[in-house]
Amino acid sequence: MFSTVLSSGCSDAAGLAGNLFAFVLFVSPIPTFRRIIRNQSTEQFSELPCIYALLNCLICLWYGMPFVTPGVILVATVNSIGAAFQFIYAIIFIIYADKSKKLRMSALLMAVFAFFGMVVFVSLRFLETHLRQMVVGYLSVFSLISMFASPLFIINLVIKTQSVEYMPFYLSLSTFLTSLSFSTYGVLKFDPFLYVPNGIGTILGIVQLALYYYYSSKYGEGSREPLLASYA
């Protein structure tokens with residue numbers, strides 16, 4: 001009885017910590033979008049990171065809903081906040097993009113919501129409870145793993161340039177702590193759809209921090225201007 005209560009308390013603490021650290025990641029693109037608003041142009045920034053992040057948040061939000069996966073509501077809360085941020089970023093991008101980017105971003109945004117709507121409809125209409133959790137779980141894992149393209153890109157960039165200019169310490173630390181928190185949350189909830197992808201994210205976070213320590217010590221920190229693709 002006591003061990004169950006302790007395990008539940010620890011998992012809730014890990015989930016709440018993950019929500020807090022993830023919030024730091026969600027607000028990290030704000031300087032980039034301030035720049036877009038100030039210059040009234042999206043310049044050379046890509047819309048794809050924002051689209052990928054929105055789709056990822058929506059899928060993971062759906063996975064965390066009680067009628068899909070009972071007991072992991074903190075996954076739903078963090079991804080609902082993340083989806084709201086990504087949607088706002090997408091709207092800002094559409095407002096200030098040139099005509100071709102505006103049309104492409106609008107089409108991608110509609111495609112994301114159409115796909116998400118299809119996932120919701122199919123999972124509720126045709127899948128029983130256990131199968132629903134399995135299907136949405138695999139989709140969330142695939143979505144989370146696809147998001148690792150961003151830290152892998154940054155790791156490759158740091159090694160090539162031998163500079164941490166595009167890998168701010170606070171962003172790398174937040175990425176690591178978010179992944180670690182939700183990996184722990186998944187372990188305590190006995191949920192491989194949570195601890196496997198976030199375990200991979202934790203390892204990538206450790207690599208980023210190690211590279212930051214090595215290259216900042218050897219070559220200096222640089223300007224530390226974050227990339228739009230860092231999380232969004």
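Cβ coordinates are placed from backbone N, Cα and C, and glycine is handled just like the others.
Pulled from TrEMBL:
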type     : residues : note
TRANSMEM : 13-33    : transmembrane segment
TRANSMEM : 45-65    : transmembrane segment
TRANSMEM : 71-96    : transmembrane segment
TRANSMEM : 108-127  : transmembrane segment
TRANSMEM : 139-159  : transmembrane segment
TRANSMEM : 166-188  : transmembrane segment
TRANSMEM : 194-215  : transmembrane segment
Stretch-level contact, the transmembrane segment (194-215) and the transmembrane segment (108-127), CB cutoff 8 A, at least 3 pairs: no
Stretch with greatest number of CB pairs under 8 Å, the transmembrane segment (13-33) reference, 71-96, 139-159, 166-188 candidates: 166-188
